[in-house]
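Below is one structure; the comments refer to it alone.
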Amino acid sequence: MTERTFSIIKPDATRRNLTGKINAVIEEAGLRIVAQRRVKLTDAQAKKFYEVHAERPFYGELVAQMTAEPVVVQVLEGDNAVLKYREVMGATNPDNADEGTIRKLFALSIGENSVHGSDSLENAAIEIAQFFKDEDIVG
């Protein structure tokens, strides 16, 4: 079933000019990039996006990291896009990620792991709506 999911190419990757290489991995996996924008997250945007982690000890560091430099927000489309992109990203800890995954190829650490991807269709819809209007998404 064709689905949409949300992706962020994080500051550790944009700082190293890896957007094109990451996009190539995404597209080689059969996902289409149907919307993409480079943005500098505000403190308020990052706090809202990561509010699920507000009580976690790493929350402040996460918000600071995500607002330090530009990110690339994306809408990806394809068969079983949520699950497929999570497989393409690899494990959160790059040491545990499978060969050929984005995190194995590009992540610097568990904290600077290069990409975010939605964990469910419901969250994908919520996350997409935070950054894109319907008319921004061109399938």
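Think of each number as a place in line: the chain as shown, counted from 1.
For all residues, glycine too, the Cβ spot is worked out from N, Cα and C.
Copied over from Swiss-Prot, here are the features:
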| type | residues | note |
| --- | --- | --- |
| BINDING | K10, F58, R86, T92, R103, N113 | ATP binding site |
| ACT_SITE | H116 | active site, pros-phosphohistidine intermediate |
Pairwise CA distance, T92 (ATP binding site) versus H116 (active site, pros-phosphohistidine intermediate), rounded so that it is a whole Å: 9
Per DSSP (helix/strand/coil reduction), the residue listed as 'active site, pros-phosphohistidine intermediate' sits in strand
I want to check the contact list for R86 (ATP binding site): same chain, sequence separation of six or more, C-beta distance under 8 angstroms. What comes out? G117, D119
Going by C-alpha positions, which of the binding-site residues (K10, F58, R103) is nearest the residue listed as 'active site, pros-phosphohistidine intermediate'? K10
Going by C-beta under 8 A and a gap of 6 or more residues, the same-chain neighbours of F58 (ATP binding site) are G111
Find, for the listed binding-site residues T92, N113, the residue with the lowest Cβ contact count at a 10 Å cut-off, counting only other Cβ atoms. T92
